[in-house]
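Student: So TrEMBL lists these for the protein:
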REGION    1-22  region 'Disordered'
COMPBIAS  1-12  compositional bias 'Basic residues'
REGION    50-106  region 'Disordered'
COMPBIAS  54-63  compositional bias 'Low complexity'
COMPBIAS  76-98  compositional bias 'Basic and acidic residues'
DOMAIN    344-435  domain 'PDZ'
DOMAIN    442-557  domain 'Protease Do-like PDZ'
């Protein structure tokens, strides 16, 4: 038999942790949430108050108005925390206006507007420019480089800017096979073309060839870098639903952040608005409806709540102008030095610094950096482009704030020059230094290229990259990978721009390599007595070898 329901009251719906609203909105602070609920109660009670007609009002004595009607619902909490009745205040009671014929008309009080409604009203015009990004990814298999992994799909957010272009996150379209965009309120997905991917800054630029996509949409306007405690509204398509979602909060911190996807450190904003999976690439608006950043990552920790990060407009504009200037993304330059703080007074005296001099000491210089022949270890950087560098490596940043001096470097473009003032042997020297992008011995990314490999006698040779380490040892590769590889990953510097760390990835068992099956991820130092510079040079030496035996010298004297 089917289920029999008793007559009478309907059964109570079970309590759900997810609340569905036509306008998805999540308040980021308890204070804002309390104001929102209180405002709703005001609107609710005002809408349900009965407004007497003129005839009914005439029967009442003008000097003795009827008692105010008690509002529905629970008593609300006041800001002080105690319970307060929802009885309307004097200012909110119906206004009595006498007419010439003696009748009195009661006019309903103006309905209060919730705070989130006023913010949303300003953001709504720009919300139409927010799109949903659908991407199909096909990631290379770095452990078995001759094949690819199974393709998978993802969805994220993006927004339309001037010039018929769309911005989203680089990790949203990493290893893309196909990218499609869908506008708000539309049922059509449009094929998109990827114009540029900025791995370091985690920004990608797309476009759509179909003119219909651009009809009726105004591009997003960019605003200035916000101040602390400025309100921000993050718009996107996160998990939990299919429609557009809006969360709000304030700017909590502005500093140099670690960009997880790009493995770099650039300027970033920390906000307390919820940023969830799918929010990536969505814009963050200020209270004027201008974009002040792109949501891209959040902090998930048991001791932290509602910590999200936004790529600010200076980084976004650097990416856009770099693309417009060079026709492609060239990256963010670096100075190419490792430096040490000079906070110890004895260290400053030993380096010959005067009491009024501040700066940082150069520890090491990248051999591939253009300034490697100008700067020397133990030089003290006093100024960068005329800006004084403090003993802790910071420079002035807006009123009452300081920031790492790498921010000044990141504002430059690849190939630009900078004036660096250093102290060497108690003498002040100035150098015009050309800035370039970073060349790592173990690259953090492969620039969407499939991994290279070489197989001879069952030995699989490949170049070590961070994606390769992650593929071999998982997300905790920094703990599980061999110590020799980790030491080179964290501390080694490339001696030339084409240098690679070549390893024997694995041994494909065959009769010719009996006894060598246990060699895994061991660096190849030399071939027949000649040092191995990179994978290509190793392949060329092996192909051109006429000796009777192929001798590979490995790490650990193997």
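Every residue, even glycine, has its Cβ placed from backbone N, Cα and C.
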Student: Under DSSP, the domain 'PDZ' (344-435) has how many residues in helix, strand and coil?
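Tutor: Summed by class, the stretch gives 15 helix, 35 strand, 42 coil.
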Student: For the domain 'Protease Do-like PDZ' (442-557), what's the model's average pLDDT?
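Tutor: A mean pLDDT of 93 is what the model gives the domain 'Protease Do-like PDZ' (442-557).
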Student: Just to be sure I understand, if DSSP states are collapsed into helix, strand and coil, how many residues of the domain 'Protease Do-like PDZ' (442-557) fall in each?
Tutor: 36 helix, 26 strand, 54 coil
